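For reference, the structure is listed below as structure tokens.
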């Protein structure tokens, strides 16, 4: 027994120190690779494998693992220290900083909450339309904000609506039969009152035990953190199974919608930025990827995915009776739907009239989008053609300029009449109330949202790509993949999509894409396939890590609210994953070909291939 006990203690200690053991053993076990074959390719491969293992296993934080090339490349003579350092801060970093400034202003002045509540009010309280309304507003916000921030902003609003649905649906089967005719309200008022009294008496007799749970849930719940639930059986938290299904459907729809919205813009998610920077660094003569071309290609993908994902979640959790759950008619509504709509209207009324800072933020939001679109639209000359020197101004120039202005523009109207009435609700910001010239955002607001870990992670990916290019490892990998030359381009792209979407379920999205981009680029050059044919689908499919809570941060946020289990996420996420791969393949084979000229091997890729072979 003592031997078994000591053995178990040893196993527990090893399991506790597993990350430290992995951090030490991986570099030591792979060290023979550069020692036995002392060349630049093997040294670069050593650094790439060590960094990739650290990223996938998360033995160390992602940002810390991204610093591995900064000291291993100079040690092995792959790149100079100054050359590696220059890779950690690129044009996309400035682009991200400008977008974060706008996101900080949107969140600070509650513009995101106003947009979300307004769209839900338009959709109504029918379960199917409620889910679709939340998905639409989440997709729209996620286009401009990070997926994680969008999910964290929208989930408290959705939770307030869900708690209201639970509290007003103690007996869903009885409550559904109590309807109110909104058009003939005066003529049927007495009958409806009698029905409601009778049913309320039945509810009081039948559900005394559940009344306490409902009273707890009626407290104000529009808070940023998930509500604390009593430690009782899960099923007892929901009046009926249908209520539980609505909670699951709405919760999962938000994380999926955040992922879909991040696909639309080049700044929507960090993986899009990683692709854009690595592609532009590897193929500087391409000039085909910008905000406009990416938006034109990805917007139809997002719209199709949005509808198919909504239909899939509706059939999975709410059934296939769309007429019952998605009716747009306002003639007859159940009592719980009226109360839910009342709660949504109350939340919107708390925001008060639209404020001056919200107007300024909205103007900057529209202005940034318009300037991005019109910089180099392609089919007509953009505003950059007004300048003599070409290629100096990018999307980052626009975002940084507008982000900088947000630090200067006062958050109050420039005329005295507004000083007494504006920003009365900002009790938590006394310093700004005292200062009439306080700006729209402060450095603290920016610092709170700026994802420095992602910035370093992206920089580490650029450093790895530069090392692969200089050492010749990319060309070596391409030569090993020559046996795949017999496959058609669509088959190569499909294999890449399936592989990336499978790996990203267990590893972070930025890390997965950073590892696969150089490999897929070399593969495309070897097979004489337009690199965009494989790189764009892989970049989009890497965001489809939606089957597990560890797949991406939005999944973890939604899971923390307790409405869904891992089995629900796996079942629903598998369908969303298949939908995503199917829609991306459809896009790359149809409207993607004329947009990016995918049917031909471009000259910019041919030049890169020729120069790389030397």
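All positions are counted from 1 along the displayed chain.
Each residue, glycine too, has its Cβ placed from N, Cα and C.
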Annotated range (TrEMBL: transmembrane segment) out of 210-235, 288-313, 314-339: 288-313
Stated TrEMBL location of transmembrane segment, expressed as one of 551-571, 572-592: 572-592
Per TrEMBL record, range annotated transmembrane segment [choices 69-87, 88-106]: 88-106
20-37, 146-163 - the one TrEMBL records as transmembrane segment: 20-37
Annotated transmembrane segment segment (source TrEMBL; candidates 127-145, 165-183): 127-145
Beyond the flanks of the transmembrane segment (20-37) by at least 6 residues, Cβ under 8 Å: 14, 43, 45-46, 49-50, 53-54, 57, 59-60, 76
Stretch contact, the transmembrane segment (490-520) with the transmembrane segment (354-373), Cβ-Cβ under 8 Å, 3+ pairs: no
Proximity of the transmembrane segment (394-411) to the transmembrane segment (88-106), 3+ C-beta pairs under 8 angstroms: yes
Contact call for the transmembrane segment (454-478) against the transmembrane segment (254-276), three or more Cβ pairs under 8 Å: yes
Chain residues in Cβ proximity to the transmembrane segment (354-373) (below 8 Å; excluding those fewer than six residues from its ends, i.e. six or more beyond): 98, 102, 105-106, 108-111, 114, 144, 291-292, 295, 383, 395, 398-399, 402, 405-406, 409, 411-413, 418, 422-423, 440
Contact yes or no, the transmembrane segment (288-313) and the transmembrane segment (88-106), 3+ Cβ pairs under 8 Å, gap 6+: no
